[in-house]
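Enquirer: Just dropping this structure here.
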Amino acid sequence: PQGDTIKIGLNYELSGDVATYGEASVQGIELAAEEVNAAGGIDGKKIELVKYDTKSDAAEATTLATKLMTQDKVITVIGPATSGGMKATIPVAERQKVPVVSGSATADDVTVDGNGVKQFAFRTCFNDSFQGTAAANYAVKKFSAKKAVILRDSSSDYSKGLADAFRETFTAGGGEIVSEDAYAKGADNFNAVMTKFKGQQFDVIYLPGYYTEAGKAIKQARDLGVTQPILGGDGFDSPVLAEQAGAQLKDVYFTNHYSSADQDPKVQDFIKAFEAKYSAEPNAFNALGYDTLKFVADGVSRATEKTGEGVQRALAETKGFAGVTGTFDVDENHNPVKAVVFIGYDKDGKLFSEKG
Amino acid sequence: MKNPLVRQALTLWVPLVLTYVIVLLLVQAGVVDAYMQVTIATICINIVLAVSLNLITGFTGQFSLGHAGFMAIGAYATALVTMRFDSIVGFIGGLLLGGIIAALVGFLIGLPTLRLRGDYIAIATLGMAEIIRILLQNFEFTNGAAGLSPVPQYMDWTWFFVLTVGSVMLIRNFVRSRQGRDAIAVREDEIAAESIGVNTTRSKVLAFTIGAFFGGVAGGMYASYFYVIKPEQFGFLKSIDILVIVVLGGLGSLSGSVIAAFLLAIISTLLQPFPGVRMILYALLLIVIMIFRPQGLLGNRELSLRLLPGLRKRRRDDAGTEAA
Amino acid sequence: MLEIKDLEVGFGGITALKGISLSVAEGEIVTLIGANGAGKTTTLRTVSGLVRPRAGKILVDGQDVTRLSAQARVKRGLVQVPEGRRVFPQMSVLENLELGAYLRKDAKSVASDLDDVFARFPRLADRRKQHAGTLSGGEQQMLAIGRALMSRPQILLLDEPSMGLAPLLVQEIFSIVSEINAGGTTVLLVEQNANMALQIAHRGYVLETGKIVLAGTAAELTSTDEVKRAYLGG
Amino acid sequence: MEQLAQQLVNGLALGSIYALIALGYTMVYGIIQLINFAHGDVYMVGAYVGYFCMVHLNLGFVESLVIAMAVCTVLGVVIERVAYKPLRKSTRIAVLITAIGVSLLLEYTMMFFVGADTRTYGVLPPFMEQSFNVGGVLITMKQIIIIGVSVLLMVVLQYIVRRTKVGKAMRAVSQDADAARLMGISVDNTISFTFALGSALAGAAGVLVGVYYNAINPLMGVLPGLKAFIAAVFGGIGLIPGALLGGYFIGAAETLVSGYWSSLYTDAVVFGILILVLIFKPTGLLGSNVREKV
Amino acid sequence: MSILDVKQLTRSFGGLTAVSHVDLTLDQGELVGLIGPNGAGKTTVFNLLTGVYPPSSGTIVFSAHGQTTSIGGKAPYAICRAGIGRTFQNIRLFKELTVLENVMIAFQQNQRYPLPTSLLRLPGFGRAEDEIRDGARELLEVMHLGHKAEEYAVNLSYGEQRHLEIARALATRPTLLLLDEPAAGMNPTETANLTRLITQIRQDFGLTILLIEHDMSLVMQICERIYVLDHGIVIASGTPDEVRSDPKVIEAYLGEEVDHA
Ligand SMILES: Nc1ncnc2c1ncn2[C@@H]1O[C@H](COP(=O)(O)OP(=O)(O)OP(=O)(O)O)[C@@H](O)[C@H]1O
Ligand SMILES: Nc1ncnc2c1ncn2[C@@H]1O[C@H](COP(=O)(O)OP(=O)(O)OP(=O)(O)O)[C@@H](O)[C@H]1O
Ligand SMILES: [Mg+2]
Ligand SMILES: [Mg+2]
């Protein structure tokens with residue numbers, strides 16, 4: 001694509017079920033794009049974002065990815081936020097030879113499946129089994145957990161992926177899953193299931209879900225007197241979690257890409273810039289969106305040929321990209337190689353973080 | 001124009017074949033680009049969905065809020081079969097199987113619930129669709145919330161054309177036949193229909209089953225074209241989307257459903273550049289259209305070359321002279 | 001008392017009333033007769049405000065009420081007993097009657113009117129707690145009339161009060177209407193049963209496809225050949 | 001045993017919320033036979049008004065509740081006048097589609113202004129965070145408030161509909177609008193009043209839920225709206241006691257299925273029961289089961 | 001030979017017994033009236049005969065074409081196919097359909113062709129449809145509605161709608177026709193025309209007719225026998241003259257002076 005701007009497509013869930021994730025990702029992306037443009041753009045060309053709403057519908061994601069690539073002629077498409085939406089755009093990307101990049105499509109088989117690596121698909125987040133495994137190991141190491149219960153989000157493949165990996169690792173290490181249950185997205189009431197858990201013997205709760213429900217679940221669990229440690233994934237990373245759970249946010253831990261307490265100037269600058277623009281603390285989707293745009297911009301600037309294929313080659317060769325959510329290389333499966341961070345609120349509700 | 005066969009050829013077959021050939025050529029010449037192809041695919045799927053729901057709700061008068069359930073069954077059946085037997089035979093088999101299972105479920109659900117009246121059927125069908133979705137979300141073989149992907153893509157313009165036109169024609173033939181008139185009688189007055197010998201339960205179940213079959217076929221078309229299916233795509237809001245097309249086109253008007261499917265695609269395209277407010281605009285449009293055109297675009301009339309403006313009487317059904 | 005001037009009413013493409021004029025003087029019973037679909041019901045519904053006219057005027061005591069809502073006309077004493085009785089089926093007889101007095105604030109006189117209605121229709125008194133929907137046709141007709149009386153009408157508009165009633169009740173209903181009229185209420189009566197209607201009415205109009213084709217005293221109309229042939233079965 | 005009692009308390013609180021929303025559904029349905037899909041969204045707006053009052057204006061719980069009810073009352077009336085009234089003479093399904101339009105409009109207008117993300121009511125006054133241990137069963141102050149306020153509002157409602165003049169007018173309009181006009185009843189005002197009442201209840205439910213779960217978002221009305229509608233149908237739509245019964249039944253059923261089986265199937269079981277009930281009692285539990293008189 | 005034999009027919013709604021131990025027989029070709037005060041249970045008898053409600057107790061036996069059917073508990077459509085047609089007190093037409101379609105739907109119940117023929121327009125479809133259409137048209141002519149064939153039912157005048165209901169009932173090819181207040185809402189002149197029409201179709205179609213009516217001029221003129229119902233009980237039966245002078249009937253139903261008999 002020629003012209004005086006570099007067009008990047010945003011194909012996100014801005015309405016419907018998972019609008020929260022799409023909207024948050026776009027906030028991060030738009031902030032990053034502003035920064036890149038303020039710094040002179042890429043080779044003197046400004047980034048121009050072309051943004052569409054998938055309505056949280058996979059077919060619409062396909063339609064819009066096609067539109068972005070064929071009619072708007074963008075050089076790369078960012079989004080959708082969910083794995084299902086992302087998967088729906090990958091065949092289009094392969095056909096049109098334009099890369100698609102997601103900051104939050106975490107399912108294991110997004111970038112690689114039985115048929116090999118999806119050449120034009122990238123992501124900047126680690127995958128589900130990575131987090132689930134890390135959480136299981138943490139549970140064993142930190143709490144000497146032998147028995148765990150799992151409460152997952154039945155409508156989310158992310159949650160299922162984390163739960164599956166956790167279960168596998170935990171039981172392989174001799175642990176036992178004594179009970180497992182699931183809620184549907186948007187659930188408000190966890191009293192029933194927590195009352196049920198309360199009547200059982202276990203050491204930790206694994207709650208791989210998003211903060212929207214997790215905050216309520218944590219609060220209701222603690223209100224009912226369920227005192228075991230609660231573990232989660234990067235879906236917990238939002239100020240809303242603390243707001244919802246309030247004073248009951250105790251003994252809660254989750255795997256994440258970075259810690260907002262990290263004194264690395266990159267992280268602190270990002271948090272400051274985000275708060276300045278949106279007057280709210282960033283969450284994981286914000287940070288990942290931010291990194292994804294920077295990651296794409298980096299690829300575009302390194303690409304010798306400013307085409308989809310050129311960008312694809314550059315992205316695949318990314319080494320040592322330093323983002324807010326960690327410094328990483330892109331591996332042969334187009335996954336970022338990142339370190340995991342554990343964020344915790346201890347028994348008194350004090351925040352801490354440790355490297356995994 | 002006197003000979004009905006000639007007239008039918010001129011007004012029906014010639015335009016259809018021309019449409020097919022022209023679009024085919026345009027696709028090959030690259031004038032119809034990939035995006036327009038996706039849009040056409042969406043329109044075709046929506047036409048089949050809307051026309052089949054119209055049979056149930058518009059013609060037979062059974063208010064169904066569960067059409068997405070049938071669509072889901074068709075989509076999953078097609079996906080599972082073609083993922084295992086990745087061939088054209090597998091695809092056709094999957095599509096048929098999807099339709100048949102959907103029809104079977106429609107039949108089994110319809111038998112007891114169609115005794116209900118009005119809004120109670122709406123809620124029962126809604127419940128059925130939700131149960132189907134929840135089961136798909138929790139079964140192992142459907143891969144839970146993650147859904148199935150990639151489904152081999154067999155749908156192309158030819159298939160879309162054949163399946164869409166075929167579905168519309170079959171449903172049109174149905175509503176313009178003895179069985180169809182029985183169904184319409186049920187809609188108009190169930191007690192009167194029974195009193196003149198119409199087996200109303202049979203009529204309702206038949207319409208419901210046929211509608212479910214084509215709902216399933218539409219699901220199969222969807223799965224095979226969009227290669228990713230997840231349970232959440234077939235939720236309550238999808239059923240509502242289909243209902244919106246049907247009502248917008250006019251309950252009891254097949255051509256209305258077809259036109260509305262196009263119209264909604266156009267509206268959707270026009271709104272795409274405004275992601276922040278598109279849903280607000282869409283909602284406003286919906287309200288305004290309903291206030292100014294509550295009976296839908298065509299009411300219960302059919303669009304035809306003979307429907308001249310100002311002509312109040314509906315065009316007579318020429319079914320009797322149409323024997324093939 | 002009631003005056004209708006050049007009233008025109010249409011529904012979509014149909015013109016139901018093509019400019020009719022008629023008047024009812026205080027204390028009169030005036031009957032409107034005509035074949036099915038002539039526009040009798042439409043006339044009454046327009047007078048009571050349920051239907052908006054395309055053109056024309058409706059005057060009550062010389063005042064124009066054409067633009068008033070139905071409920072405002074009830075306040076002016078213009079009360080209709082609708083075709084097909086239209087009682088509130090899920091409410092008791094008593095509640096139906098109380099609704100008749102919906103706009104009245106004077107609890108005392110309402111209570112005494114209620115007693116009057118029950119005195120006039122003892123059968124309703126027996127069934128005061130029964131749901132109106134389960135009453136027989138004749139009882140419902142009595143209830144509908146009683147309900148209208150509860151609003152102290154100046155002008156009572158009656159639409160086919162004898163429709164579907166047993167012969168015994170038909171006679172009863174007509175004598176009730178005469179009585180009510182004798183008590184000072186002006187009545188505009190629509191009837192298919194033209195024989196009976198003309199027996200109790202002072203004057204009458206004949207409506208044919210939305211137009212008044214004949215008018216006169218009851219006696220004149222009864223002896224007109226056309227009327228005999230078309231409406232009296234003679 | 002203790003666990004069962006605990007689950008029943010949980011179910012009662014949940015059921016109260018469904019019942020409050022279901023009442024609005026049922027009243028509107030009763031009077032104009034409309035499944036008012038926007039009702040769940042009025043509840044959402046109520047939750048946001050409460051949020052605004054409590055978090056940004058620092059008002060107390062009761063004041064916020066009253067303000068939210070007032071705002072929702074106005075909103076309900078405006079919706080009815082602008083979107084539904086022009087369709088009085090149209091088919092019911094056309095009004096239904098309009099209602100869906102209004103529902104989307106409320107959701108996305110709200111999202112446009114406040115974003116899609118969850119908001120929280122923040123720190124509540126300490127008295128609301130209390131909880132009581134009654135023989136091993138934990139009852140929170142919030143549960144008591146929810147159940148108490150719901151029951152109170154329902155009693156008030158039942159009084160209005162059964163005993164007052166305007167309540168009688170509501171029933172008259174619902175049974176025969178034209179005949180009601182002939183009694184001097186203003187049908188439009190009565191319908192507006194019904195919407196006002198139903199919306200006020202939805203607004204109250206919104207604030208109660210905001211306090212109870214401490215989380216609100218622009219799409220929060222969709223699911224409870226649907227559940228409340230089911231509750232209303234379950235009990236017999238158009239009937240006030242039916243809405244109550246349905247609300248409590250669904251609350252209890254959900255809680256028990258989650259508590260003793262699996263949350264995975266909660267909704268499926270609820271829908272399954274619903275379908276069964278309808279098959280054997282086609283007009284809901286309290287609905288009268290007669291065939292149309294011909 | 002009796003074609004309808006009703007024994008001890010009873011139906012209650014909640015506490016109310018609308019029809020109580022009714023015995024009733026109809027002979028082939030008779031024209032019989034069913035009269036009685038409002039709420040006596042006349043329409044309910046029709047609803048029981050046509051399966052709209054199942055009886056609480058009692059038997060209904062219907063014999064036509066050499067076949068004897070027990071009606072109790074059968075679905076309305078099956079009863080119709082056995083040969084009982086009816087009209088409704090509150091007109092129930094298919095309002096949004098044309099006059100012709102109204103009759104065609106009734107007519108086609110005896111002119112059945114299979115689903116594949118409909119869906120695929122197999123040979124035979126056109127002929128079958130033509131037969132249905134022509135048959136329906138003929139009946140419209142009989143009922144003086146031929147010129148309104150393409151009109152929507154809802155646009156017909158009240159009297160025409162009543163005629164159409166009869167045409168539609170005739171199209172089911174009944175042996176027994178039940179008419180529920182066919183003259184309600186008609187003026188005396190219109191009633192007289194209808195009276196002629198009823199006797200004519202009875203003759204032309206070889207019908208047995210049971211008729212509910214409050215218009216005594218019609219009933220007394222054409223009915224050969226009359227049953228009088230009150231509070232669900234048959235209080236009298238016999239020829240018009242017998243019934244007219246029965247003091248019980250006068251007291252419960254007719255009133256003292258029957259002016260236009
Ligand atoms: N709401 C309406 N919509 C359309 N047409 C109507 C409506 N109401 C009445 N009409 C038409 O207006 C004409 C007059 O009808 P109206 O009911 O006033 O007749 P009527 O004299 O009362 O007859 P009947 O003796 O049958 O009661 C008829 O052609 C009727 O079909
Ligand atoms: N579905 C029903 N539910 C309850 N009661 C009913 C039902 N159908 C009829 N009834 C009652 O049964 C009694 C007989 O009614 P029916 O309609 O048979 O009377 P009818 O003799 O036809 O009177 P009319 O001459 O007024 O039409 C009435 O009291 C009526 O209210
Ligand atoms: Mg009339
Ligand atoms: Mg009757």
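Quick reminder: no glycine exception, Cβ is built from N, Cα and C everywhere.
Just so you know, TrEMBL annotations are computer predictions that nobody has curated.
Since the structure is predicted, the reported quantities are computational estimates derived from the model, not experimental observations.
The transmembrane segment feature in TrEMBL is assigned to B:12-32, B:38-56, B:63-82, B:88-111, B:118-137, B:157-175, B:205-228, B:240-267, B:279-298.
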Enquirer: Please report, as numbers and ranges, the same-chain residues at least 6 past the borders of the transmembrane segment (B:240-267) whose CB is under 8 Å from any CB of it.
Expert: 39, 42-43, 46-47, 49-51, 53-54, 57-59, 65, 67-68, 71, 168, 171-172, 175, 184, 187, 282, 285-286, 289-290, 295-304
Enquirer: Which listed stretch (B:38-56, B:63-82, B:279-298) has the most C-beta pairs under 8 A with the transmembrane segment (B:205-228)?
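Expert: The listed stretch sharing the most Cβ pairs with the transmembrane segment (B:205-228) is B:63-82.
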Enquirer: With Cβ-Cβ distances below 8 Å as the criterion, list the same-chain residues six or more beyond the ends of the transmembrane segment (B:279-298) that contact it, or say none.
Expert: 244, 247-251, 253, 255-256, 259-260, 263, 267-268, 271
Enquirer: The transmembrane segment (B:38-56) and the transmembrane segment (B:157-175): do they have three or more Cβ pairs under 8 Å, with pairs 6 or more apart in sequence?
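Expert: Contact between the transmembrane segment (B:38-56) and the transmembrane segment (B:157-175): present, because at least 3 Cβ pairs are under 8 Å.
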Enquirer: Given the cut-off of 8 Å on Cβ pairs that are 6 or more apart in sequence, determine whether the transmembrane segment (B:118-137) and the transmembrane segment (B:63-82) share at least 3 such pairs.
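Expert: Answer yes, regions in contact.
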Enquirer: What parts of the chain pack near the transmembrane segment (B:63-82), using Cβ distances under 8 Å and only residues at least 6 beyond its ends?
Expert: 49, 52-53, 56-57, 90-91, 93-95, 97-99, 101-102, 105-106, 118-119, 121-123, 125-133, 136, 141-142, 148, 151-152, 154, 208, 211-212, 215-220, 222-224, 229, 231, 233-236, 238-240, 242-243
